[in-house]
Amino acid sequence: MPAPVITATGLTKHYGDLVAVAGIDLEVAPGESFGLLGPNGAGKSTTMRMIGAVSTRTGGDLQVLGLDPDTHGPEIRSQLGVVPQEDNLDTELRVRDNLIVYGRYFGIPRAVCARRADELLAFAQLEDKARSKVDDLSGGMKRRLTIARALVNEPRVLMLDEPTTGLDPQARHVLWDRLFRLKERGTTLVLTTHYMDEAEQLCDRLVVVDQGRIMAEGSPAQLIREHSSREVVELRFGSQRNQAAAERIAGLGDRIETLPDRVLVYAADGEAVVEQVSRLGLHPTTSLVRRSSLEDVFLRLTGRSLIE
Amino acid sequence: MSVEQTTRDDATLAALAGAVRPRRFGALYVAEHQLRAMRAYGWTIVIGGLGQPLLYLLGLGLGLASFLDAPVGFGPDGPVPYVTFVAPALLVTATISVTTEEFTYTVMSGFKWRRVFWGMNASPLAPGQVATGLVLAVAVRMAFVAVAYTALIAAFGAVGHLWSVAVLPLLGLLGGMAFGLPLLAYSAGLRDDAGQFAAVQRFVFTPMFLFSGTFYPLATLPTWLHWIGWVSPLWHASELGRAVSYAQPMSGATVAVHLGVLVALAAGGWVLARRVFVGRMHG
């Protein structure tokens with residue numbers, strides 16, 4: 001097995017009394033696509049910033065490409081591509097110039113920057129926008145340009161912090177396609193997201209983070225197997241009757257969760273549960289059997305209360 | 001050597017090699033970016049740089065001066081024309097006013113509006129290099145303004161000794177940085193512009209412009225207002241400019257004090273600004 005590109009042991013970050021990251025252990029192998037999942041304020045972005053060598057850790061060990069970010073920040077950052085949560089393209093410059101100027105930060109000669117800019121514009125499907133102003137691009141185009149910019153130094157590790165937040169479904173799918181191509185080329189991807197479908201699409205392996213700690217780790221399929229059932233039955237009896245119905249079906253499936261608008265039964269065989277419910281003389285207004293998803297795992301591990 | 005070792009060494013070596021140029025030239029890359037971005041408002045810089053001195057020199061030299069009976073500036077051989085007295089101070093005012101734009105709104109833009117500093121931060125550049133690069137780019141703009149101003153001053157015949165045109169732009173640059181670098185440190189620490197930059201313009205720049213011996217010698221002001229001049233980089237740089245331009249009498253010690261204050265303000269502001277950039281970007 002090749003040496004990991006990122007190794008963290010007991011990684012912590014405190015801001016005064018606030019503990020943002022409370023001891024995280026992780027390893028990312030070269031070429032792997034690794035995801036950090038978690039609710040807002042879980043410590044994902046702080047972890048990304050420490051890996052990205054722009055935030056000093058409070059404690060623990062961290063090695064990126066075999067180097068310590070505290071002493072070799074510029075060296076590590078020279079091999080990273082970073083796609084931040086909020087675009088920071090230069091709106092004073094045109095699309096192609098954004099790529100060239102950014103390439104210069106890595107000490108890449110102008111002519112090489114210009115050649116790479118053209119290749120990356122093609123990769124990001126923005127060739128006909130080369131001379132456009134950044135402000136004239138759509139949200140999806142800006143994100144693709146930001147990804148193209150992050151690739152200008154041909155990074156070994158591409159770090160993406162919530163890459164598709166705020167994009168429409170079409171734009172998300174185009175972006176996933178581009179990221180998938182990078183993954184095929186062997187680029188290591190490290191991403192944070194709170195879209196579970198995105199994590200399932202892109203990540204070989206992921207960790208669920210909450211309150212600065214890792215709650216679970218594994219491939220999407222593994223996590224579903226370990227933390228949820230194979231299927232989920234969603235029953236709606238009407239908001240007034242859900243609680244009473246849940247009490248009557250107690251014992252069905254592996255676990256029951258009562259929500260204001262529906263009752264969820266986690267079970268290996270959903271259809272069998274629906275039949276049992278019917279045999280008990282209960283008639284939900286709607287019943288739906290679906291496969292368990294990463295979202296079920298996520299909600300189980302991090303809870304349903306809203307964090308803002 | 002194992003495959004494992006080879007892989008890691010390969011990545012580590014690439015990283016070590018990848019930072020050599022950015023560590024050395026990073027500030028220049030930032031300056032290059034900033035100067036490219038200035039092209040978006042390049043005409044404003046050129047027209048402002050040439051138009052403002054032209055207006056001031058015409059207005060004060062041909063207009064106001066014709067009403068003044070008593071001379072205000074004196075060289076070793078007696079009084080000098082009013083426009084010669086006022087020209088060095090106008091030059092320094094112009095370089096200082098570059099900083100009230102570039103070390104305020106541009107900084108807020110870099111951190112908050114355009115957020116380009118965060119893009120730089122994710123690259124191999126260090127926060128100190130971002131600050132240095134910004135200062136270099138502003139120095140280029142300032143140098144353009146100072147040289148243009150000096151050329152127009154010379155064209156108006158408002159210098160005592162022609163050789164002084166070689167030194168006046170440098171004094172303009174020093175005066176500009178003595179005011180600008182502490183301002184940069186202040187701006188870099190701001191999370192939001194809730195009117196602070198307009199306040200700097202109204203309550204710092206304007207009183208300084210009016211009460212730093214710009215239009216008349218500081219000594220003509222009531223004594224209780226003299227402190228404005230003493231703390232004002234504009235006054236120190238203007239006095240040196242007058243000494244250079246028409247040999248306004250000045251002792252060696254006074255020259256040293258003027259230079260000392262300007263260098264101390266610029267150096268102190270510079271150290272502080274770098275520290276604020278580092279704290280903010282790598283906190």
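Heads up, the Cβ atoms here are built off N, Cα and C, so glycines get one too.
Annotated domain 'ABC transmembrane type-2' per TrEMBL: B:44-280, in sequence order.
Taken from TrEMBL, the feature transmembrane segment covers B:40-65 (among others). Within the same chain, residues 81-83, 86-87, 90-91, 94, 141, 144-145, 148-149, 152-153, 156, 158, 215 sit at least 6 positions outside the transmembrane segment (B:40-65) and bring their C-beta atoms closer than 8 Å to a C-beta of that stretch.
Residues or ranges marked as transmembrane segment in TrEMBL: B:85-108 (among others). Residues 34, 49, 52-53, 56-57, 60-61, 72-73, 134, 137-138, 141-142, 145-146, 149-150, 153, 156, 158-159, 168-169, 171-173, 175-177, 179-181, 183-184, 187-188, 190, 193, 197, 200-201, 205, 209, 212-215, 233-234, 237-238, 240-242, 244-246 of the same chain lie 6+ residues outside the transmembrane segment (B:85-108) yet bring a C-beta within less than 8 angstroms of a C-beta in it.
For the transmembrane segment (B:129-156), the residues of the chain that approach it from at least six positions outside its boundaries are 22, 26-35, 38, 45, 48-50, 53-54, 57, 61, 83, 87, 90-91, 94-95, 98-99, 102-103, 106-107, 110, 117, 120-121, 162, 165, 168-170, 172-173, 176-177, 180-181, 184, 188, 270, 273-274, 277, 281, judged by C-beta separation under 8 angstroms. Taken from TrEMBL, the feature transmembrane segment applies to B:129-156 (among others).
Long-range neighbours of the transmembrane segment (B:162-187) within the same chain, counting only residues 6 or more positions beyond its ends whose Cβ lies under 8 Å from a Cβ of the stretch, are 88, 91-92, 94-96, 98-100, 102-104, 107-108, 131, 134-135, 138-139, 142-143, 145-147, 149-151, 153-154, 197, 200, 208, 233-234, 236-238, 240-241, 244-246, 261-263, 265-270, 272-273, 275-276. According to TrEMBL, the feature transmembrane segment maps to B:162-187 (among others).
The transmembrane segment annotation in TrEMBL covers B:208-230 (among others).
As annotated by TrEMBL, transmembrane segment applies to B:250-273 (among others). Here the transmembrane segment (B:250-273) has Cβ contacts under 8 Å with residues 131, 135, 174-175, 177-185, 188, 233, 236-237, 239-240, 243 of the same chain, all six or more residues outside its ends.
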